[in-house]
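Only one structure is covered here, and it is reproduced in the block below.
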Amino acid sequence: MKEIAHSQAYGNRVFSRDSAVDSKKDVSISAEQPKTISKLTPYLFEGDIFLSTKQAMNILDSLASKNKTNKKGQQRMAHDAPLYLFRGANEKGKRFAAEYDAKWFQFPIKYRFDESLDILHISQILKALEIWQSNTCIKFENDQEASGDYIEFFEGDGCYSMVGRFGGRQGISIGKGCERTGTIIHEVGHTLGLWHEQSRPDAEEYITVVKEYIIPSYISEFLTRSEHEITTFNVPYDLGSVMHYGSTAFSIDQRSKTLLTKDPFYQMTIGQRDSLSFYNIKLINEAYCKGDCKEKNECKNGGYLNPSNCQSCLCPSGFGGSKCEMHASSESNSKCGGTLKAIIDWQYIESPGYPDGYPTNVICNWLIETDKEERIEISFEDNFGIFCSSTCVDYIELKIGNDLANTGYRICCYDKPNDSLVSAKYQAVIIFRATTGEDTGFKLKFRKTMKPAQTTPSLPKTTTTAPHTTIVGNDIWSEWGEWSQCSRSCGACGIKSRLRICKTAQCSGKVQQFLTCNLQACPVDIRCTKVKFKNRLCADGNTCGKPGELLSSCSRPSCCPPFENVDGKCQTDQPLLIPLE
């Protein structure tokens, strides 16, 4: 596969020479995701995917077909986006993809934790799964004795997974550095059936691949799929997808950009690993949850009924209210956000604390509106400074296109747009998010205008409805079931869980509870003294240092980080996602 793509991109250049050099390099698909170490790269596709035999053969067949029909042209390339591996049965004139059975059919999806994971890894995995569950109809259930088709999370040498359901035990590696919630969300997205965003057939409309800066033998990692290989369920391309490559994916020096957004204001948006975007969620809901809600969709501004709770709307970022009719509530100790009316005179918005510096953990949402025949002009003023990173982590986001459900321009660092920006319609959404740094912030002004704006295609309308109830009412739960056995015998390394059943169509609250368990410290490993003593031998075979001190240090019963042994019990002052017994 790599050799064919290399030949198509570079002609007579010798692949084996490039591969020999490139195989020694670690690679990265986003600055916000840990690197893939060189010893794993021969086994992974696009940096973090284990392909099935069928998937690999389909990609090879597609490459060979393109090579035959387009020898004089250049191979199309693009960027990672959430795409499905299978097609729906109702698509006329189109067969199922070879991997149609990669869709999960049995719910809840069972998963278990390997003993290699510590409690902090487990906490972050649970947080990521809860984000998927609260926004989709997909449900997960922890079962340490799982059999049949199930996911096993383990600590491998990096972050990687498979695309879609393989059958039987299916691993997701959450190695060191992969504990970030957005990274885990990304890998679970693969397991549910999502490809990288830039793999979409329409990616080249939004992204340009700069092959001069790509590690040569990895040019294959930028190929697009055809419409016959994947389906997007008519969900638009999303430059803010958690599944998208970053700007420097597979870069020869990890600094030069290999992906350029056609709209330069999106350049620092791609590659985020914070959380799911609105269209990440919608894609999974279209694939798995279509028709779960039977009620009329009265959600506004691109929102739709939440298949996890059909009495509520899933709203695009920046929108809130019961029907997505207003601005989303802000999260800040400082007053910010609101719904504002643009008039002919300039009005001003600024970040909390401007210009003396914004606090951390701030989310502000503004919805600006004017009359329907008018537009909104926005211009930045005075000093500008937002924590700088190649993919914006802290940012001001401007949603000013025709599609306010899609991710907007995310702007950070110290160069503000010089010219005024004009919205495509009578609404504009402004989001300020700060989680990492403290910097100057921003100040902007806005007013209504009749100036023209460049527009993008509008979206198809979505209609969803609510499910038939088995018991009249809502929030009727069964009693909690019995606690499962603890996954580990000691050291506060394990968890136990219990389940309850929702007896109505909708229930608020959690289906499964977790507890950290077996908080007694683990007994001393009898091998500890041998290992410690051996590590103290000098090169000439004589004993170095003071082995007695080392032996005493490993004679205490042990606990899993971040717990410490206090009188034989494992304790910690750090806040955890999993309640302690």
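Cβ atoms are placed via backbone N, Cα and C, with glycine included.
Quick caveat, the model's predicted, so the values are computed rather than measured.
Quick look at what Swiss-Prot lists:
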type     : residues               : note
CARBOHYD : Asn67                  : N-linked glycosylation site
DOMAIN   : 97-290                 : domain 'Peptidase M12A'
DISULFID : Cys137-Cys289          : disulfide bond
DISULFID : Cys159-Cys178          : disulfide bond
BINDING  : His186, His190, His196 : Zn(2+) binding site
DOMAIN   : 285-325                : domain 'EGF-like'
DISULFID : Cys293-Cys313          : disulfide bond
DISULFID : Cys315-Cys324          : disulfide bond
DISULFID : Cys336-Cys364          : disulfide bond
CARBOHYD : Asn418                 : N-linked glycosylation site
DISULFID : Cys486-Cys517          : disulfide bond
DISULFID : Cys490-Cys522          : disulfide bond
DISULFID : Cys502-Cys507          : disulfide bond
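Sequence features, as recorded in Swiss-Prot, placed on the structure.
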residue : record                      : CB count, 10 Å
Cys137  : disulfide bond              : 19
Cys159  : disulfide bond              : 26
His196  : Zn(2+) binding site         : 31
Cys289  : disulfide bond              : 19
Cys315  : disulfide bond              : 24
Asn418  : N-linked glycosylation site : 7
Cys486  : disulfide bond              : 20
Cys490  : disulfide bond              : 19
Cys502  : disulfide bond              : 17
Cys507  : disulfide bond              : 17
Which same-chain residues, if any, lie at least 6 apart from Cys178 (disulfide bond) yet have Cβ under 8 Å of it: Gln33, Pro34, Gly158, Cys159, Ile184, Glu187
Helix, strand and coil totals (DSSP H, G, I; E, B; other) for the domain 'EGF-like' (285-325): 4 helix, 11 strand, 26 coil
Alpha-carbon spacing, Cys336 (disulfide bond) to Cys137 (disulfide bond), which is rounded to whole Å: 33
Spatial neighbour of Cys315 (disulfide bond) that is closest, considering only the recorded positions His190, Cys364, Asn418 and their CA atoms: Cys364
Spatially closest candidate among Cys137, His190, Cys502, the listed recorded positions, to Cys517 (disulfide bond) (Cα to Cα): Cys502
Cβ neighbour count within 10 Å of Cys313 (disulfide bond): 23
Between Cys313 (disulfide bond) and His190 (Zn(2+) binding site), the C-alpha gap once rounded to whole angstrom: 25
Of the disulfide-bonded residues listed as Cys486, Cys490, Cys502, the one whose CA lies nearest the CA of Cys324 (disulfide bond): Cys502
Cys522 (disulfide bond) - helix vs strand vs coil (DSSP): strand
Cys517 (disulfide bond) CB neighbourhood, other CB atoms within 10 A: 22
Helix, strand or coil at Asn418 (N-linked glycosylation site) [DSSP, three-state]: coil
Residue among the disulfide-bonded residues Cys293, Cys324 whose Cβ has the most other Cβ atoms within 10 Å: Cys293
Long-range Cβ environment of His190 (Zn(2+) binding site), under 8 Å and at least 6 residues apart: Asp48, Ile49, Ser161, Met162, Val163, Met243
